[in-house]
Amino acid sequence: MFYLKNIEVNPILHIENLTFEKQKITSIIGKSGSGKSTLLKLLNQLNNYDSGIIEYEGKDISTINPIQLRREVVMLSQTPSIYEGSVKENLLIGLKFSEKNTESINDQKLLALLELFDLHKNLEENAEELSGGEKQRLAFARIILMDPPVYLLDEPTSALDDETTDEVMGQFFQFVKRNQKTVIMVTHSIKVAEKYSDQIIDITKLNEKEMSVTHG
Amino acid sequence: MDSIQDITLVQLFTSYIFILLLIAIVKWLGIRREKEILIASIRMSIQLALVGYLLTYVFENPNPFITVLIILFMQSFAVYNVYKRVKTTIAADLKKIIAFSLFIGTTFSMIYFDFIVIQFTPWYDPRYFIPIAGMIIGNSMTGITLGISTLMDGMHSRRPFIESSLMLGATPKEASRSIVRQSFDAAILPTVNSMVGMGIVFLPGMMTGVILSGADPLIAIKYQIVILLGITASVSLSILLLLQLGYKTFFNKKAQLKRTS
């Protein structure tokens, strides 16, 4: 899905060779400040690199329109972004941003999606009044609704407690497997990485010399 | 015009006595603002005295070039004032947009309200053109200062929020929509509020002037209505231009939020 060669982001990242496979779940681990999020944001063109090449589906990423790319490679931010308005508006905003049709989506579908993430909320409720964990679950429901081929997750569990982490991640990765999505996830939790990933990349080691890939 | 009562120099100086008294009280209370009040009063007096002589000359010798030159000077001074009043450093491309928006917004409003609505003759009559321009440019300057401050502040403090929207495939326009809306509100609210309180809470300066000069209050009010609508139009137009062009300067060609220093 993604192939990185001789990537330099001074002074944070030096990657000789790295492949993220299609329809696989890859976790990126490493010390804080080691460039995990920087690497993730290279894949949706939110960050630039100084030299090297990144390919997405065999195409040089720098030739792809960044906005179109981000509609295919959807990223979940570390702190959930909640927009002024109702739970419903917040669920649909991803589709609105990517200029997709929302007419076919009825309230029942939205409620089922909330249920999936154990959010027993009214669709008209003010989303800004949700708790931190609830906001993150709403953000997960939002990106599932967008249904893109690739997901980038930046510390997706930082706003969740241990119990909800299992529940939310379990539901999300069930959806991912069933629909053959590609996921690249940055996490500080080795436990989460080991539990859900097909592949774990330690960015600290990667930066030191060549790739260090463990297949799980 | 002849009905207006002149103020003699002695009377004028009497008004300073009140201020000096006030300064003494401020000093006695230890508020430490006596210097500021004194300097501001002197500065205002000198500035207005000079403008008084200048306007006397300009009114007695109406000339289209001088009128236009004065308007251009006022606009340039307003742009300079915006740069000075915004606390943080403004990027060069944003500075250009501020100047452009203020010039175009105020010029269009002046052309419409002077030549299509009021239609004074000759078209360059400084007695009408200059005071109307002063009110339109001054209010637009305040609006732009408030709007640009809110925009810059929002783009900086809400960076993670904007990036989150970009991550979901939003265009820069969509991602900055809420900040642009807030900036418009911040810029236009003082104008809207002053319209709401108009005539009940206070009589605006222009109307006071016209009434003092002996004109019929009804004529004064008609002028005031036109001026207030002109101000609202000019502030709105300047701000819309500023925000629609301005938000783009915070993004690069790759639809990334630029790094701020």
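These residue numbers are counts, starting from 1, taken along the chain as shown.
Backbone N, Cα and C atoms are what each Cβ position is placed from, and that goes for glycine too.
Note that TrEMBL annotation is computational and uncurated.
Keep in mind that this is a model prediction, so the values were computed, not measured.
Per TrEMBL, these features apply:
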TRANSMEM  B:12-30  transmembrane segment
TRANSMEM  B:37-59  transmembrane segment
TRANSMEM  B:65-83  transmembrane segment
TRANSMEM  B:97-122  transmembrane segment
TRANSMEM  B:128-151  transmembrane segment
TRANSMEM  B:187-211  transmembrane segment
TRANSMEM  B:223-243  transmembrane segment
Cβ contacts the transmembrane segment (B:97-122)/the transmembrane segment (B:223-243), at least three under 8 Å, sequence gap 6 or more: yes
Stretch among B:37-59, B:128-151, B:223-243 sharing the most Cβ pairs under 8 Å with the transmembrane segment (B:12-30): B:37-59
Close approaches to the transmembrane segment (B:37-59) from elsewhere in its chain (Cβ under 8 angstroms; 6 or more beyond its ends): 16, 19, 22-23, 26, 66-67, 70, 126-127, 130
Surrounding residues of the transmembrane segment (B:128-151) on its own chain - C-beta under 8 Å, 6+ positions past either end: 55, 58, 67, 70-71, 74-75, 78-79, 81-82, 85-87, 90, 94, 98, 101-102, 105-106, 109-110, 113-114, 118, 120, 179-180, 182-184, 186-188, 190-191, 206, 227, 230-231, 234-235, 238-239, 242-243, 246-247
